[in-house]
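Undergrad: Please find one structure pasted underneath; my questions will follow.
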Amino acid sequence: MMNPVYEVFERRFWDGKYCLWMRWMLVLAVSLVALFVPNFADFLSLVGSSTCCVLGFVLPALFHYLAFKDEMNWRRASADVGIIALGVFLGVTGTWYSLLEIFSVKIPLLLQEIRGLIGTSQSPLPHGPRSLLPDQHLPHLVRKLGPLPAAPHQRLPPLHLHLQPPRRPLPSVSEWWKTVSLYTDQTGANISRSILIAGEYSDRLYSHGSHLTRLSIQQVIATAVKSKPFPVDHKNGIYLVLTATDVSVQDFCRAVCGFHYFTFASMVGYTLPYAWVGNSGKQCPEVCAYPFAVPGYMGGGGPGALRPPNGDVGVDGMISVIGHELAELSSNPLVNAWYAGEDPTAPTEIGDLCEGLYGTGGGGGYIGEVRRDGGGRTYNLNGRRGRKFLVQWIWSPTLKACAGPNALD
């Protein structure tokens, strides 16, 4: 397929002579396009099956048969007919499966947009729910990509284990989750007061690469749920994908620090609510780990960066984003439940309404009144075994305001 391209470039730039380095550059350019252009492999599959099969099998055999049919015996004629039939079969089946691969993602997206538009006449977040939550009990299934992190002293503190109700020093993580549990579905059933870790799956070999798109994250989940004994619970389960510092994700640092959605049955086999959160420690701590890192334009003024409660800027930044996404994933698992605004494709959810607020008096870039331990580390929640966390507030459906257990009023 590349030979005609080589000849065109050589005639245009090299007087028609053979040029090895030019051919090498063309192959490199095509390889880079294949690596970085989304879904380029699907496009190549479509072109190869619909065009190359015709050019390589059907047309040569057809022209040979038409030109020499009066001179050929039945064996040669049968060979040409067989090659034509093989080319048609490969072309039709290849084109069909290529189109299925391309449109298998777009069709569910279109259906979801239509489903979301149906509910836009209902009231926004501060007044009531949109549709329903599928279940009130949401066991938490964790999926890690890569070493997150590798060093023992940087291990991700298990925030999820601190959501259980037993008594701990106030303000506690379980008290923070009480606000989330105030939300109900249309039957009046509340979100569960606790989250259980039902299983974990680690992909230290980066089987899906170190650059992920929103869709390839679903492929990551598909790999996890197909592995045994990793559990699948499409009714009560929520799935959390955590990525390491050296994994880049579509829109990470530029537009999002985490997000939640649901998987497409065509890709995963189930409709599973999931969230993704990345470690921004080496990529954009000033964006996704604020206030433990601050943007350069704030260096000359403002309070400056705060000390993270667990000693790792990237990991402590992840913890607040995990809390944000877990709250929204539990109250809006299929993007048709609790949110504000009239656009379900870009909802403002219970974490978005309180972005950047961690204590009383927060707002306008000020995080609010928070606590500091003896080492100067900043926190607003207590966990088990002396663990401390700094997690943003969330919108309370009863107070009609942002709330957290460390509030002073």
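Any Cβ shown, glycine's included, is placed from N, Cα and C.
Unlike curated entries, TrEMBL annotations are predicted automatically.
These numbers come from a predicted model, not from an experiment.
Copying in the features that TrEMBL gives for the protein in this structure:
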type	residues	note
TRANSMEM	20-37	transmembrane segment
DOMAIN	20-98	domain 'Amino acid transporter transmembrane'
TRANSMEM	43-67	transmembrane segment
TRANSMEM	79-99	transmembrane segment
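What's the neighbourhood like for each of these?
TA: For the domain 'Amino acid transporter transmembrane' (20-98), DSSP puts the residue distribution at 71 helix, 0 strand, 8 coil.
With a cut-off of 8 Å between Cβ atoms, the residues of this chain six or more beyond the transmembrane segment (43-67) that come close are 1, 34, 77, 80-81, 83-84, 86-88, 90-91, 93-95, 97-99, 101-102.
With a cut-off of 8 Å between Cβ atoms, the residues of this chain six or more beyond the transmembrane segment (79-99) that come close are 42, 45-46, 48-50, 53-54, 56-58, 60-62, 64-65, 72.
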